[in-house]
Every structure is written in structure tokens, then in C-alpha cells.
Amino acid sequence: MVNPIVFFDIAVDGEPLGRVSFDLFADKVPKTAENFRALSTGEKGFGYKGSCFHRIIPGFMCQGGDFTRHNGTGGKSIYGEKFDDENFILKHTGPGILSMANAGPNTNGSQFFICTAKTEWLDGKHVVFGMVKEGMNIVEAMERFGSRNGKTSKKITIADCGQI
């Protein structure tokens, strides 16, 4: 089985910043990877296109995926509002790791984060399901618009997204 690759075209206050592509580990976490893939294509009628990264903490991570409330309190999965933690096989080993944000055990929706550092304290709590393939420089550029409390100085959006 070939793992899917998806892309985000990132914009800052509406101006193009660049493309980030992700390898999704469907061989290890098929349900979680499929959720992210389908939300990236928008094939279920909803998804990431036009949504923002509402929380960016330099030296930690960039969080997005709340396409319903745009502030970190919303989002939904392709399986319903929430779905269970699939497994914790993959670890938060360093920059570029793609992992599910949650509000405790078995509360995965659509929110995710891209690590910009090793975050081993999240192992066993958040499901890792992908990795930046290309465009880590774009993720690093996004980081510059973040702050210690996560508030962004400019609006960082997913202007377009899909599967490669």
C-alpha cells in the first residue's frame, strides 16, 4: 500500500507563503490518516480549505484544523464529531511530525498540529499520523507569526489543499 501525500498552500493575511506537503502513515494509523486525507481534499463536503492556524507557539508547534469555529473549540471528523485514539505506535520524534490535537483520550476531530521540535511528552496522548515531506521551511516561516501564548500576529490560512 502506498501512503497518501497531501498538500497545504499556506497564506499569510491572504498573501501566498508556500506549499507544505505531508506523508500520511496510512500503513500504521489508517483511520486517522484517512480522516486527514479526506479533510484535505474536501471530498465529504467539508474540510481544511480556507481554515486557519489558530495557535502557533515558536519552538513547539503550529496548530490548525478548526474549520467550524476557527478558534480551537471546533472541528469535526469524517466519522462524526469525534473518534477514538487509533494507537500510539508512532512517536513525537522531532520537527515535522504531524499529530492529532485533542481534548483528552478519544476526542480526535479535525484539529492537528505540526511539531517544530521534539515533543516526547505528547507520546501516548496524541496520535502521530504523518510527517512533513516538503516545505519545512514554510512551517518555520509560519512559526515567526506565532507567540508564547499561541496567538498569531497575522492570519495564517490554508488557502488551498488536496491530495498529490
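Positions of Cβ are set from backbone N, Cα and C atoms, glycine also.
Among the features that Swiss-Prot reports, N-acetylmethionine is placed at M1. The N-acetylvaline feature in Swiss-Prot is assigned to V2; the stated evidence is similarity to another entry. What Swiss-Prot records for 7-163 is domain 'PPIase cyclophilin-type'. Taken from Swiss-Prot, the feature N6-acetyllysine applies to K28, K44, K76, K82, K125, K133, supported by similarity to another entry. Per Swiss-Prot, ubiquitin cross-link is recorded for K28, and the stated evidence type is similarity to another entry. What Swiss-Prot records for K28, K82 is SUMO2 cross-link. Feature annotation from Swiss-Prot assigns phosphoserine to S77; the stated evidence is similarity to another entry. If you look up Swiss-Prot, you'll see T93 marked as phosphothreonine, on the strength of similarity to another entry. Annotation comment: Swiss-Prot describes N108 as N-linked glycosylation site, evidence class sequence analysis.
If you measure from the Cα atom of K44 (N6-acetyllysine) to that of the residue listed as 'phosphoserine', you get 10 Å.
Over the domain 'PPIase cyclophilin-type' (7-163), the average per-residue pLDDT in this prediction is 99. Secondary structure at S77 (phosphoserine), taken from DSSP and collapsed to helix, strand or coil, is strand. The most densely surrounded of the modified residues K44, K76, K125, judged by C-beta neighbours within 10 angstroms, is K76. Its own atom aside, the Cβ of S77 (phosphoserine) has 21 Cβ atoms within 10 angstroms in the protein chains shown.
Geometry remark: K133 (N6-acetyllysine) versus V2 (N-acetylvaline), CA distance 14 Å. When the alpha carbons of K28 (N6-acetyllysine) and N108 (N-linked glycosylation site) are compared, the span between them is 17 angstrom. Taking a C-beta cut-off of under 8 Å and a sequence gap of six or more, N108 (N-linked glycosylation site) has these contacts in its own chain: T32, N35, S77, K82, F83, D84, D85, M100, N102, V127. In this structure, the C-alpha atom of K76 (N6-acetyllysine) lies 26 angstrom from that of the residue listed as 'N-acetylvaline'.
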